[in-house]
Amino acid sequence: MSTREIKSPEGLPETPASYDGNSDQNRGKKLGMFFMESDNRRMAFGRGYTGGTTPVNIHGKPIKDLSKTGGWIAALFIFGNEMAERMAYFGLSVNMVAFMFYVMHRPFSSASNAVNNFLGISQASSVLGGFLADAYLGRYWTIAIFTTIYLGGLTAITLCATMDIFVPSKDGCDQLSLLLGNCEPAKPWQMLYLNTILYVTGFGAAGIRPCVSSFGADQFDERSKDYKSHLDRFFNFFYLSVTIGAIVAFTLVVYIQMKHGWGYAFGTLALAMGISNMLFFLGTPLYRHRLPGGSPLTRVAQVLVAAFRKRKASFSSSEFIGLYEVPGKHSAIKGSRKIAHTDDFRCLDKAALQLKDDGAAPSPWKLCTVTQVEEVKILIKLIPIPACTIMLSLVLTEYLTLSVQQAYTMNTHMGNLKLPVTCMPVFPGLSIFLILSLYYAVFVPISRRVTGHPHGASQLQRVGIGLAVSIMSVAWAAIFERFRRNYAIQHGYESIFLTAMPNLSAYWLLIQYCLIGIAEVFCIVGLLEFLYEEAPDAMKSIGSAYAAVAGGLGCFAASILNTIVKSVTENKEKQQSWLSQNINTGRFDYFYWILTVLSFINFCVFLYSANRYKYRSQQNFEVGEQVIPSKQNTPIKG
């Protein structure tokens, strides 16, 4: 690419539809910023749409009276849907490992990895739901379709837990037989059925997750002076609904399972999802919608193909006319405003490089608009931030299994009340609930004095705080696990790891639980708000899917890390490893220290990435309609 610079403009002028300037006049000058616009541009969705973020009704028509739609009332219906979805998600995550172990007679490690993979796939495939929402269906219809699929999956899981034909025989299967692996294993077709319906359920979750937060945020008018404040509070309340769903899953659903069995527990999840679906549809007249902008992946592919085809073209060539854009204020992408040119990834600017031989109506696979190119740039620039949250997801995934194994060896009595071990993950949820409740009363006023930020901290600062606190959480987990293990060995519990030690309270685990809860609040809420605001107008769901994909990759990374640690640390003679099923002879403390080191390295990478990132709000994205004389190619300086 030419070494000449493309200056970012202070104002983006509209240039004439035709260009007849003398290119020789510009040789030797720095490349100016010229949007060459054409009324004959042939795009899949045409051009000149209502403003990119103008809300429409369910029929795609502009809403005449916005006061009768959207706002917090509409958001409440969306909160209810997310609460039920999270209740089902966490209800499956905390119960399915035990169900596979006790009912399907699968080894604990095998069941744990299977559930981790299910959780990972359900999150990582969220990009599919985001794609469908942004490209064709819109967020409302994507949620409507996938919640129905989700409900179908939960219903099938309930049938699996209630009908004997789907589970192996329990004859002669006591706890000792389970531990020794002597119980009749599930038949291949039974495991095939269970895995199939699990992944159907995960597919349903994948379609909902990237759309719900974005659809809820769509209910607020960005032209309002209180928009930023409403958006900030929305994402906090949104995650509060997530937390309430998790708390119900870790308490009520676990209680129902213990008292009435697996069928009633999974049936409760299906019933909650069915009720939430009804409420979601009841709120339909209140919702504000955004038009889908066509396939975002197609637009990304067009930019990459066009840039590759013109990779040898030069901005100093006599054939160069300008950087292509359609005329007027609105972009050629449905549901999107124009985006100003930036100097990042300038090799991609070749996709918008208009040459004389491109003709009057070039193919989008040969010439793209500046807005289309900038969409791709934004997607690339966003990647490092959610990528840095993969480590937090990995830690959370490990806590779901490792900390429960720790709790099995400890006293879970609270006075005369004995809490089930599977209820222990409720404490991060309780800490999240408490922190979110006090967030605006305590954290914001205090941090505002330090940072001067109106919301206490910027989005990236909140993500950074969360990652820093997660380091403290796993470091404490390592310190306490060393103490717990030594205590077990000293008091003769080394070989009886399923027997609780009466004098060692499981509530020491609350410290790591509460710290990871604080980390979640700051990191995930800040990340969701960051992705929604920074993503291109027509790619909001794809942007939100980044967070879910990062969570899914964290689940996969947890399974991979577990496998590596087991294979590396296993002693061929004693068949032991750091992650031995007998936690008292394993070295979970060493494993936690590995997580601490990895979390610290990840935090350093985040600091570097966040320091380099520039918020879109710091740039000018509105396109003016000034006119530049066609024969004057004076550069517009950034």
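The backbone N, Cα and C atoms fix where each Cβ goes, glycine too.
Sequence annotations record features per position, and here TrEMBL assigns region 'Disordered' to 1-26. Look at TrEMBL and you will find 87-105, 117-137, 144-167, 197-217, 237-256, 262-282, 378-399, 419-442, 463-480, 507-532, 544-565, 590-610 tagged as transmembrane segment.
Here the transmembrane segment (87-105) has Cβ contacts under 8 Å with residues 111-112, 114-115, 118-119, 122, 150, 154, 157, 161, 167-168, 173, 178, 183-186, 190-191, 194, 198, 201, 205, 245-246, 248-250, 253-254, 257, 262, 265-266, 268-270, 272-273, 400-401, 422, 425 of the same chain, all six or more residues outside its ends. Counting Cβ pairs under 8 Å to the transmembrane segment (378-399), the top-ranked stretch among 237-256, 262-282, 544-565, 590-610 is 544-565. Note on the transmembrane segment (463-480): residues 385, 388-389, 391-392, 395, 399, 403, 457, 508-509, 511-512, 515-516, 518-524, 526-527, 530, 589-590, 592-593, 595-596, 599-600, 602-603, 606-607, 610 of its chain, located 6 or more positions outside it, place their CB under 8 angstroms from a CB of the stretch. If you look at the transmembrane segment (237-256), the same-chain residues 6 or more away from its ends with a CB under 8 A from one of its CBs are 75, 79-80, 82-91, 94-95, 212-213, 216, 264-265, 268-269, 420, 422-426, 429-430, 432-433, 436-437, 520-521, 524-525, 528. When each of 117-137, 507-532, 544-565, 590-610 is scored by its Cβ pairs under 8 Å to the transmembrane segment (197-217), the top-ranked stretch turns out to be 117-137. For the transmembrane segment (544-565), same-chain residues at least 6 beyond its ends with a Cβ under 8 Å from one of its own Cβ atoms are 113, 116-117, 119-127, 129-131, 206, 209-211, 213-214, 382-383, 386-387, 389-398, 524, 527-528, 531-532, 535, 577-579, 591, 594. Using a Cβ-Cβ cut-off under 8 Å and counting only residues 6 or more beyond its ends in the same chain, the transmembrane segment (144-167) has close neighbours at 81, 85, 88, 92, 99, 103-104, 129, 137, 186, 190, 193-194, 197-198, 200-208, 261-263, 265-267, 269-270, 273-274, 276-277, 280-281. Residues of the same chain lying 6 or more positions beyond the ends of the transmembrane segment (590-610) and with a Cβ under 8 Å from any Cβ of it are 384-385, 388, 390-392, 394-395, 398, 402, 460, 463-464, 467-468, 470-471, 474-475, 477-478, 481, 561, 565, 569, 578-579.
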